[in-house]
Amino acid sequence: MPSGNENGKTDAPIAPVQSVLDPYSSKIELTCNGSREDLDPYVPAQNRPLESNTSSFGALAHLLKASLGSGVLAMPLAFKNAGLLVGCFGTIIIGFICAHVIHILVKTSQQLCVEVKKPCLGYADTCDLVFQNGPKSVRRFAPHVRELADWALAVTHLGACCVYVVVISESFKQISDEYGGPKWSVPAFCALCLIILIPLNQITKLKYLVPFSAVANFVWLASICISIYYCLRDPPPLSSRNMATSIAGLPNFISTSLFAMEGIGVVMPIENEMTKPQHFLGCPGVLNIAMGAVVALYGFVGFCGYLSFGETVRGSLTLNLPQDEILAQTAKILVACVMILSYALIFYVPVDVAWRRICDRIPVSSHRWGLAALRLFGTLLTVGLACAIPRLELFMELVGAICLSCLGLSLPAITETVWRWGKDLGPYKIVLIKNAIIVVISLIAMVSGVTFSIKTMIDSL
């Protein structure tokens, strides 16, 4: 029987209390789950391996070093296709777009790491997992997106290898012509590069190239300084150069600028090694500081190079330096030597992509010979392409138009859209509209860039 109170009233049965579970209440969570495993959010940075100990300053140095590559000496060619005024504004706009695209890729990767509880993710891993965890209608495309990201990265680096071979060959040809050496053609010097590149590319451990890489950074900086010195030594008046060119030159300007400035392939490895990856984004942030410095330097070199050499400017600024001065020839030799080493470093990327897909088909006992054969084939392929099309400018425009418009613009924009679909596309779906514009720009750059490059190639035959 129900018990009565002091007034003789009968108490009603007590109903069980329905507590409103507060997801932020640790006491209720502990009562329900008995542990804090699902209480605290996963922090990727705290679960990264001990080897990932790069500071924010170190990450900035690595990003600057990776971005300030051969592309900086190609910017005068980009300005030639656009004009001084359009080139300045265009460099800022393209730099802003590149920085934004890198930002959304890294931000998407960081958010994905929290959701899937992984310490870090690479470019292809991010694209793959975003599609796997995206709307059901796009999940079947995940393997294809991974393949696209991997092979776009591989082809981009193979194209850069071809560019390096042509620069090396043209530099040594100019020196040979000036000092009474053999009057060979550029393809002949490209073939001669095999004597150095074949044994160099058989080095399978990056640690053996690290000491040379450190020296190469100072050599590269010295070459850039020498080139700028010649540009500023006796510049012509601004009125002697075009402030703007025809619209037909814009696709080549965009393609060359993308080839020069786009460094999305190295961004994720650098961010993945940081102890405080939250410092990579934000204001000022590692990315913003690096891209600001890159845009400023690239714009300055492009402006000075085109102002000094005008319509005769080449795909590498050092090729425009005087052939009868020792300092200029020294710069050409230094650039050629740096690019030989750079070739060996970036050659690792396409080899790694290809080897991961064929190593399981080769007996383990033959892996060493199989990898050596793959490296030999890749070296012969890049040098063969350079011999077949020894036009430095065309290579840069084609690589920028085909690969970097896809790898550096379209794919990150599509990846962010899929990741935020059904979650937060912003007011009036601004994220969807913004990314659609980026994809359209990349497609226009790709189609027009390839069209004009092929047309130029046919006209030169």
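Including glycine, each Cβ sits where the backbone N, Cα and C put it.
Copied over from TrEMBL:
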- 53-454: domain 'Amino acid transporter transmembrane' (DOMAIN)
- 84-106: transmembrane segment (TRANSMEM)
- 148-172: transmembrane segment (TRANSMEM)
- 184-201: transmembrane segment (TRANSMEM)
- 208-230: transmembrane segment (TRANSMEM)
- 250-268: transmembrane segment (TRANSMEM)
- 280-309: transmembrane segment (TRANSMEM)
- 329-351: transmembrane segment (TRANSMEM)
- 372-392: transmembrane segment (TRANSMEM)
- 398-419: transmembrane segment (TRANSMEM)
- 431-454: transmembrane segment (TRANSMEM)
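Away from its own ends, the transmembrane segment (372-392) comes close to residues 158, 161-163, 165-167, 169-170, 185-187, 190-191, 193-194, 197-198, 201-202, 314-316, 319, 347, 350-351, 354-355, 358, 457, 460 of its chain (Cβ-Cβ under 8 Å, at least six residues beyond either end). Counting Cβ pairs closer than 8 Å and at least 6 residues apart in sequence, the transmembrane segment (280-309) and the transmembrane segment (208-230) reach three or more and so form a contact. If you look at the transmembrane segment (431-454) against the transmembrane segment (250-268), you find at least three C-beta pairs under 8 angstroms, all six or more positions apart, and that counts as contact. Tertiary neighbourhood of the transmembrane segment (148-172): same-chain residues 70, 123-124, 127-128, 186-187, 189-190, 192-193, 197, 259, 265, 314-316, 318-319, 332-333, 335-336, 339-340, 342-343, 346-347, 349-350, 353-354, 378, 381-383, 385-386, 390-392, 395-396, 398-399, 402-404, 406-407, 411, selected by CB-CB distance under 8 Å and a gap of 6+ residues from either end. Beyond the transmembrane segment (329-351), the same-chain residues lying 6 or more positions past its ends with a Cβ under 8 Å from any Cβ of the stretch are 69-70, 73, 153-155, 157-158, 160-161, 164-165, 167-168, 171-172, 174-175, 178, 193, 196-197, 200-201, 203, 206, 209, 212-213, 216, 219-220, 222-223, 226-227, 265, 316, 318-319, 321, 323, 371, 374-375, 378-379, 382.
Within its own chain, the transmembrane segment (84-106) has Cβ neighbours under 8 Å at 75, 78, 123, 126, 238, 241-245, 250, 253-254, 257-258, 261-264, 267-268, 271, 280-281, 287-288, 291, 294-295, 298-299, 302-303, 306-307, 408-409, 412-413, 415-416, 438, 441, counting only residues six or more beyond its boundaries.
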